[in-house]
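The ATP binding site annotation in Swiss-Prot covers ALA63, VAL64, GLY65, GLY66, ALA67, GLY68, LYS69, THR70.
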Amino acid sequence: MSVVERIWWGHRAAPGEAVLLAPLLLAEGLFRAGAAARGALYDSGLLAQARAGVPVISIGNVAVGGAGKTPAAIAVSARLAARGRRVAVLSRGYGASRRDARVVSDGAHVLLGAGEAGDEPALLARRLPGVAVLCGPRRAALAATAVTTLGADALVLDDGFQHRALARDLDVVVLDAANPFGNGHLLPRGPNREPRAALRRAGLVWLSRVDQADEVALEALRALALEATGRAPVESRHAPVDVVDGTLARSLGREALRGARVLALSGLARPGAFRRTLADLGAEVVGERAFPDHHRFTDRELDEALRAAEAAGARAVTTEKDAVRLAPARAADPRLCAVRIDAELVRGEDHLAQSLDAALARGDVLSRSAG
């Protein structure tokens, strides 16, 4: 974790690092002013929002990275598909080698991997059979393609809370209950894209990793969500549902790591959460190689991690999101496996169902009115 990231997530700056704070505070003020001005333009209608012609549900967050948006997007998309909807997920495609609009999955076939699409769209495509996944910088254009070309009648906007150019019928904001706002500052002084007051735009707050949160802090977050949205939050835990080989094609069984010595290999915003997941599976974490979020492991880095694991009498274990970035030959290495995570709802399933149904009804009415 870099010096700036440690400051973001509430670690005290060392004496030699405190010199970074002054320029970061100045930059934070500029960022705050820009974000406020842009938000005011949308709030006033001076910046217009495009309508997709079908219901749109956004999954987003306030802080950058690691809140649990991807498991939430998978859970919401699956629930919409279970309602008989033809669902398409629209993602920016962070880390992709191409910046044009791309169909990652048409719902029947996965067409692109993580290299061209980015790790999150590639993972969504693999985890959501029957759901289309598109990626590109202009979500309004992706929406048009999803509706007119792929026949989608419901859209999930991945990481869409700040992407206000596309109108939505429900904003779901995901907060990591264990550390929702870091040090409380905006970028680049802290991890937040907007002040927490932005939660008033949300229709539903989703608290992830509630099993890792302090109960007093959790009660405060529940009160914050209720005050902001008028509705109690959805609450979930990151549940490890399977251990799979590095190609993600073969299940090794959820108990495969119980009692095993492992080296945690990840490219995540919050690697500590992955270590806790491994502990929950009964593994003994004897080493770690943690890289920045969306990092693509080089051959040298992967070889070093595998050698270190072998030297410690351990197995290298990575996340499903990291594994999709691996070249097929490297993913097939038998010394490597991955953990598959789902968002397991522990509270608020009824709130989620009501919010989704209301958003679908609202979007359908607006679509008929526009037509």
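Each residue, glycine too, has its Cβ placed from N, Cα and C.
When the binding-site residues GLY65, GLY66, GLY68 are scored by other C-beta atoms within 10 Å, GLY68 scores highest.
Non-local neighbourhood of LYS69 (ATP binding site): ILE59, GLY60, ASN61, ASP158, ASP159, VAL174, each in the same chain, at least six residues away, with C-beta under 8 Å from its C-beta. Over all protein chains present, the Cβ of VAL64 (ATP binding site) has 17 other Cβ atoms lying within 10 Å. Take the mean position of the Cβ atoms of ALA63, VAL64, GLY65, GLY66, ALA67, GLY68, LYS69, THR70, the recorded ATP site; other residues of that chain with a Cβ within 8 Å of it are ASN61, VAL174, ASP176, ALA269, ARG270.
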